[in-house]
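A.B. asks: The structure under discussion is supplied below as structure tokens; questions concerning it will follow.
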Amino acid sequence: MIGDVSARLTWKDLTVMVTLSNGETQNVLEGLTGYAEPGTFTALMGPSGSGKSTLLDALSSRLAANAFLSGTILLNGRKAKLSFGTAAYVTQDDNLIGTLTVRETISYSARLRLPDKMAWSDKRALVESTIVAMGLQDCADTVIGNWHLRGISGGEKRRVSIALEILMRPRLLFLDEPTSGLDSASAFFVTQTLRALARDGRTVIASIHQPSSEVFELFDQLYLLSGGKTVYFGHASEAYEFFAQAGFPCPALRNPSDHFLRCVNSDFDKVKSTLKGSMKLKFEASDDPIDKITTAEAIKTLLEFYRTSQQSYAARQKVDEISKVKGTVLDGGGSQASFVMQTYILTKRSFINMLRDFGYYWLRLVIYIVVTLCIGTIYFNVGTGYNSILARGSCASFVFGFVTFMSIGGFPSFVEDMKVFQRERLNGHYGVLGFVISNTISATPFLILITFLSGTICYFMVSLHPGFLHYLFFVLCLYASVTVVESLMMAIASVVPNFLMGIIIGAGIQGIFMLVSGYFRLPHDIPKPVWRYPMSYISFHFWALQGQYQNDLRGLVFDNQTPDLPKIPGEYILENVFQIDVSRSKWVDLCVILSMIVIYRIIFFIMIKINEDVTPWVRGYLARRRMQKKSGAQNTTIAPDLLSQSPSLRAYISSQTKNGTSKR
């Protein structure tokens with residue numbers, strides 16, 4: 001296990017530059033210097049757009065691919081990239097599995113990361129101590145909660161998120177706005193818990209949006225930013241005196257953090273002028289110095305005052321002092337559990353989630369049964385009359401087209417799974433392959449149940465071709481088709497985190513596949529370029545219908561239009577009506593669909609790996625090219641270390657979790 005030594009983090013002359021789409025560059029952080037020591041809680045504060053989240057990302061090695069860093073970041077006096085386990089990162093969103101209890105959530109996380117050889121009693125003791133440390137004893141056996149399960153409060157969810165990351169006892173803990181969205185009492189409890197973690201020898205750094213006065217008093221160090229520059233860094237308790245000496249004393253009965261942010265937030269001037277102009281409001285005269293000058297002037301004064309202040313001098317001196325001490329190299333190495341153990345635990349956890357979540361599979365089972373009952377009543381005992389020929393064809397088309405189409409309804413659940421995966425992957429809980437395998441295994445029993453129940457109802461109510469092998473083929477083909485759709489939607493969920501967009505994309509792909517299935521337009525009539533080759537051959541609907549037509553019609557004899565005409569064998573109908581090659585076995589069609597399941601799961605795996613490794617690299621490469629082209633046009637030189645920043649897995653997951661939102 002990790003966490004045997006302390007973590008001292010320093011940053012000196014830290015500058016972060018981002019490249020815009022037009023090739024222009026912009027400094028979002030400029031010349032920052034500071035440090036964070038064991039046993040301290042450092043709060044990063046500033047108005048929106050000040051760069052506090054960018055600073056947190058830079059310190060935790062999770063900058064976006066188009067961001068480039070210069071300056072020095074040292075961990076225990078060494079230039080070392082933060083590995084999984086060395087430092088834990090708690091995101092702003094609490095992406096948790098809502099059907100699990102608090103104790104189950106932490107227990108599964110422990111088994112995913114702790115060594116296999118470690119006794120379960122020791123793991124359980126660690127879980128219980130973590131629950132106690134985060135003050136979660138009263139809700140330990142309560143479910144997290146989701147859309148249909150009432151669960152724990154927002155503050156308790158935030159503490160569960162923190163508990164999951166301190167389980168491996170990391171010495172360095174980053175948190176992105178841990179109090180956002182919480183009421184004052186919950187925010188105070190969470191912050192108090194973070195301070196207790198710091199007192200246990202950890203180094204805690206958190207971006208805080210707008211703390212109450214009670215929360216502010218819990219901070220050890222305050223790093224105040226405005227426009228990417230340092231307004232103040234030092235002991236939080238000394239910030240009052242600093243602002244007073246700079247000419248901006250905090251008025252009585254005002255929250256100090258509100259006052260500090262008021263002094264460095266230029267938006268106040270815009271709001272005030274807008275209110276004066278549009279609503280003709282008159283503001284009472286005030287003795288507050290900040291009301292007598294513009295915020296831009298106040299920021300300029302504070303920046304210059306800090307640059308020459310004792311706090312700035314002390315910070316640089318402390319950074320130099322800490323940097324000279326070469327401490328132990330922290331290397332947690334991520335999860336210490338074996339791949340087999342990770343896959344087993346992920347499968348078990350996923351199965352329990354699917355079992356308890358009514359909306360995951362049970363609701364779909366109900367809908368499938370209702371729909372197949374409707375199919376059964378409409379095509380009830382279809383028989384072998386002349387009109388039953390097209391009836392059997394349309395029934396098969398509906399079952400393998402629209403019924404399987406309903407599987408896209410599970411997309412929201414897939415997106416939630418991906419959010420949990422991205423959070424856990426961010427801190428190295430497990431690998432991509434284990435996640436893909438476990439998701440496939442855990443879903444299989446439910447898909448078998450859904451397809452066999454609904455398929456059995458449809459098969460016997462419609463009275464399709466009698467015989468056990470014919471029945472078995474029908475339900476196996478239905479299972480394979482539904483599983484292909486599931487696999488396709490999982491692949492889409494890996495790159496499209498938006499519910500609506502994912503469903504639209506999935507529905508569009510399904511619609512195209514149905515068009516070339518051979519029912520709406522017979523196979524020989526489908527235009528050969530593109531639609532016949534290759535689209536119809538990559539459509540599982542095409543293979544499912546080909547197989548089911550053979551399964552249902554081969555061996556049957558149908559009445560002709562009039563009794564005096566000879567009966568029509570099923571083989572004749574297959575060749576001349578549905579244009580199917582009867583020389584090919586229906587089991588070949590089934591095998592093609594089963595192979596598509598494997599192919600789509602492999603695509604699912606590849607898409608995740610591409611987004612983790614290739615996409616950030618490409619974005620970084622294009623950003624560097626734009627910077628070089630721009631610098632060449634202006635005949636300027638860019639520092640080599642700005643171009644050496646390589647995108648990372650953390651950058652990919654950061655972009656996924658933030659879903660395109662701009663830096664705060």
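A Cβ is built for glycine as well, from the same backbone N, Cα and C atoms used for every other residue.
As annotated in TrEMBL:
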DOMAIN    9-252  domain 'ABC transporter'
TRANSMEM  361-382  transmembrane segment
TRANSMEM  394-415  transmembrane segment
TRANSMEM  435-462  transmembrane segment
TRANSMEM  469-493  transmembrane segment
TRANSMEM  499-522  transmembrane segment
TRANSMEM  587-608  transmembrane segment
A.B. asks: Please report, as numbers and ranges, the same-chain residues at least 6 past the borders of the transmembrane segment (469-493) whose CB is under 8 Å from any CB of it.
C.D. replies: 399-400, 403-405, 407-408, 410-411, 414-415, 417-418, 439-440, 443-444, 447-448, 450-452, 454-456, 459, 502, 505-506, 509-510, 540-541, 544, 547-548, 551-552, 586-587, 589-590, 593-594, 596-597, 600-601, 603-604, 607
A.B. asks: For the transmembrane segment (394-415), name the stretch out of 361-382, 499-522, 587-608 with the most CB-CB pairs under 8 Å.
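C.D. replies: By Cβ pairs under 8 Å, 499-522 leads among 361-382, 499-522, 587-608.
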A.B. asks: Near the transmembrane segment (587-608), which residues from the same chain, at least 6 beyond its ends, have a CB less than 8 A from one of its CBs?
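C.D. replies: The answer is 432-433, 436, 440, 473, 476-477, 480-481, 483-484, 487-488, 490-491, 494-495, 540, 543-544, 546-547, 550.
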A.B. asks: Calculate the per-residue pLDDT averaged over the domain 'ABC transporter' (9-252) and state the result as an integer.
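C.D. replies: Taking every residue of the domain 'ABC transporter' (9-252) together, the mean pLDDT is 89.
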